[in-house]
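The following features are taken from TrEMBL:
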type     : residues                                                                                       : note
DOMAIN   : 104-164                                                                                        : domain 'P-type ATPase N-terminal'
TRANSMEM : 123-145                                                                                        : transmembrane segment
TRANSMEM : 157-176                                                                                        : transmembrane segment
DOMAIN   : 199-337                                                                                        : domain 'P-type ATPase A'
TRANSMEM : 356-380                                                                                        : transmembrane segment
TRANSMEM : 386-405                                                                                        : transmembrane segment
ACT_SITE : ASP449                                                                                         : active site, 4-aspartylphosphate intermediate
BINDING  : ASP449, THR451, ASP727, ASP731                                                                 : Mg(2+) binding site
BINDING  : ASP449, LYS450, THR451, GLU560, PHE602, THR619, GLY620, ASP621, ARG701, LYS707, ASN730, ASP731 : ATP binding site
DOMAIN   : 754-981                                                                                        : domain 'P-type ATPase C-terminal'
TRANSMEM : 788-808                                                                                        : transmembrane segment
TRANSMEM : 814-836                                                                                        : transmembrane segment
TRANSMEM : 866-886                                                                                        : transmembrane segment
TRANSMEM : 892-913                                                                                        : transmembrane segment
TRANSMEM : 920-940                                                                                        : transmembrane segment
TRANSMEM : 946-972                                                                                        : transmembrane segment
Amino acid sequence: MVRPCPSVGPRGRLRAWPGARDLAPALRARPARCRRLLPLPRGGAEAAGSAGGAAGGDMTDSIPLQPVRHKKRVDSRPRAGCCEWLRCCGGGDPRPRTVWLGHPEKRDQRYPRNVINNQKYNFFTFLPGVLFSQFRYFFNFYFLLLACSQFVPEMRLGALYTYWVPLGFVLAVTIVREAVEEIRCYMRDKEVNSQVYSRLTSRGTVKVKSSNIQVGDLILVEKNQRVPADMIFLRTSEKNGSCFLRTDQLDGETDWKLRLPVACTQRLPTAADLLQIRSYVYAEEPNIDIHNFLGTFTREDSDPPISESLSIENTLWAGTVIASGTVVGVVLYTGRELRSVMNTSDPRSKIGLFDLEVNCLTKILFGALVVVSLVMVALQHFAGRWYLQIIRFLLLFSNIIPISLRVNLDMGKMVYSWVIRRDSKIPGTVVRSSTIPEQLGRISYLLTDKTGTLTQNEMVFKRLHLGTVAYGLDSMDEVQSHIFSIYTQQSQEPPTQKGPTVTTKVRRTMSSRVHEAVKAIALCHNVTPVYESNGVTDQAEAEKQFEDSCRVYQASSPDEVALVQWTESVGLTLVGRDQSSMQLRTPGDQILNLTILQVFPFTYESKRMGVIVRVWMLTGDKLETATCTAKNAHLVTRNQDIHVFRLVTNRGEAHLELNAFRRKHDCALVISGDSLEVCLKYYEYEFMELACQCPAVVCCRCAPTQKAQIVRLLQERTGKLTCAVGDGGNDVSMIQESDCGVGVEGKEGKQASLAADFSITQFKHLGRLLMVHGRNSYKRSAALSQFVIHRSLCISTMQAVFSSVFYFASVPLYQGFLIIGYSTIYTMFPVFSLVLDKDVKSEVAMLYPELYKDLLKGRPLSYKTFLIWVLISIYQGSTIMYGALLLFESEFVHIVAISFTSLILTELLMVALTIQTWHWLMTVAELLSLACYIASLVFLHEFIDVYFIATLSFLWKVSVITLVSCLPLYVLKYLRRRFSPPSYSKLTS
């Protein structure tokens, strides 16, 4: 489901995309060239289907057509066959394989090692990779060149440490941060790769690490143990000849999946006999489809040879958990050929939009630096060795681009991360990517998985409607009494009793209606009761040995579990189920045995599932789940229209359905993954244009790769920032593809939260994460960056004035410790204290989502605000420098003392002018910086006349210059807040 994010909050609604089906066909076949839609001949979609989807309906309002431009995707994961050296490491083109049971040495190709690697670097590429990622930014590369130039005597303007120490500090912070993240990732991978499993060999059962498992190995997996590789299910210890899997980390579903072993191997007396037979598995090539599998099992030493077809029911995919019994499987795929690995993308370092904007501003500043340097040399008429003068002026005015900007922003990100983790209103929140907190404040589209993320996989049966009567939560005891009366009267009523009264007949009629409805609900499902006690599972004797407290219901969806739990609460309890029968326990402790003749699984064609028991024929609708969830979670308003996009299979049907949807306005869209695939294949541009205009879009049953594709299309088509939220392993690709990924630690494990940039414990915490922390982080970084630029432009303007007055000499105004102290101990703490500033209280930000919407326009950091701060810097720098030149007396050191002191005071006052909500640390920072400057004057006799600064003349001159540089800005700020106040000030006044 998708929706512009400003609607997060008590008065707004979240819109997002849920999850579900597979995208393999879409990835296999995409149009090779652009196509345009042609009018359909009369006859509609049927004619279109027969014509191969090349035609459209006879309509006058057909969609304005655009050619579909499919960009070639360059996958960051090294796929098989991408380069020659991969072949020697188990790469090469993927192709079908023949796997002999228990004989990994009999292989027809090389296979990758069974290792999980989520690291971005290795030991050899770490340092070069980190340095490259830093110096590819113009900002850092510029300072590297600047520092290197100081090794040339003709270009040196000061001590080497004045250039190399700041750059080294920035790089050291980045390297340490990346190293910590890589070490943590390495330890997680090592833990997974070092898990020990049992392998069947001719010498018996031996222990083997997960990383040493090979294709063809026979692996034993115990109950509650994760499957280490993609395998074919050969044997189980369960008496019923099947086992259950938990697939939460693979497809995001918490239900248990039934798996069946190969019949030939299950009939063998012991597991050791698997090594005594001559058999092999022929399997398809590795692919991303987790819902389908094609293969055959062949036993050659039998007469005649036995051959069995294999399907998805015979597979044990890596990452799933054995929920019952002990199983034996033969390994088919390992390493990067695993289904789970192929459905995820490599982790990447995300670059925030704010950082890109700052990088753009530094390029503008560099242009200004070059222009100023050329003007200075031009005013000298390019005399002498003018090219060296240009370089010296470039170095002299290098403060125009402040290296402290990167340091302040990186430290600010750390503070934002710390504040998020310490927020008591969103406990358990973890910041895993500290480089993009500002992204949280600029999200335009919020995409979220539905199952688990919104519903927490918990559903409650609230109402039973029987046409003329309805039972709610407050009247469920009446339903229970009806059920009890039916079975009580059946057991006590004499068989010869005749002629009941009218009252009894009416009561029996209502009781029978309620009973029939409850019994239908108790039977129409795919729920299986499982009894667990001391690690033993035995459904056959469940009623004899286990109490009700040991019963656990497993189903294909949480709504089915809610239905069965409700029937148990009113008297009909599901106590047993296998592939051919179900057992219900009545209120009188009687067991009803029902034979299952046929189960019809849910399909989008029938829009329901069904079961035939020996009358009954019952149907149950599942399609409403997504729509009801969207309404109950307030993703769609109660009175808002919802357009259910019907199933389309070809181009013509997609054309007709898109035209039908285009006529509707302010309508939410519900579409299946299969229909979405067809629409994106033929009408990507048109569909995305219509979908982005919807208040909400619900995508049902999307595969992990399809979720990521939706995120990618939104980014490419709109250019807006996206945030993806999920709680299962199937959401990892979507989370990693988005600009800002948020993982929810739910019942589907922690795989999504570990792969996300931010991890929360409840979905409702997302509102505060975006509306409060995201908004504050963006506004604070915007103010901090612009103030750091202002601080550098001020001193650069003073240098320009100084050089122009003294015949355009390339002589620095401030040297040594003065130039370093100016951006560190004298002004660093007050300027950095802006990371604690906020314009409104968190409660107000949560109450008014409109405040978040203002940030989407990028006004806190724009070319307009940048130009304003440039003009302020030029005004203040010129005022201070010309004032010092006019008021100084006889010695040059007096100019330095007056101008530098005025500059420090101006910066401290400007911080106070910028602050909107004072924090006690801000006051401490202001006073501490002023105290540090005053105390350091005693040690700066090399640059400042200590005796002069103690005179009254120095004090009044500094006061006048500072007043002239700051007072006009205070007046302008007062007038603006009085006559054109910002939106947040209206809420705080």
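Going from the start of the chain as shown, residues are counted 1 onward.
Quick reminder: no glycine exception, Cβ is built from N, Cα and C everywhere.
Known features from TrEMBL, placed on the structure.
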residue: ASP449; record: active site, 4-aspartylphosphate intermediate; Cβ neighbours (10 Å): 30
residue: ARG701; record: ATP binding site; Cβ neighbours (10 Å): 19
residue: ASP727; record: Mg(2+) binding site; Cβ neighbours (10 Å): 34
residue: ASN730; record: ATP binding site; Cβ neighbours (10 Å): 32
residue: ASP731; record: Mg(2+) binding site; Cβ neighbours (10 Å): 32
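Counting Cβ pairs under 8 Å to the transmembrane segment (892-913), the top-ranked stretch among 356-380, 386-405, 814-836, 866-886 is 814-836.
A Cβ distance under 8 Å defines the sequence-distant neighbours of the transmembrane segment (356-380), meaning residues of its chain 6+ beyond its ends; these are 137-139, 142, 386, 389-390, 393-394, 397-398, 400-401, 405, 409, 785, 789, 800, 803-804, 808, 810, 858, 861, 866. Sequence-distant residue pairs (6 or more apart) of the transmembrane segment (788-808) and the transmembrane segment (920-940) include fewer than 3 whose Cβ atoms are under 8 Å, leaving the two stretches without contact. Most Cβ pairs under 8 Å to the transmembrane segment (814-836), among the stretches 386-405, 866-886, 920-940, belong to 920-940. Most Cβ pairs within less than 8 Å of the transmembrane segment (866-886), among stretches 386-405, 920-940, 946-972, belong to 946-972. On the backbone, the CA of the residue listed as 'active site, 4-aspartylphosphate intermediate' and the CA of ASP731 (Mg(2+) binding site) stand 7 Å apart. Between the CA atoms of ASP727 (Mg(2+) binding site) and ARG701 (ATP binding site) there is a gap of 15 Å. Looking just at the domain 'P-type ATPase C-terminal' (754-981), the mean pLDDT is 89. When DSSP labels each residue, the domain 'P-type ATPase A' (199-337) comes out as 22 helix, 55 strand, 62 coil, counted as helix, strand and coil in that order. Counting in whole angstrom, ASP731 (Mg(2+) binding site) lies 12 from ARG701 (ATP binding site) by their C-alpha atoms.
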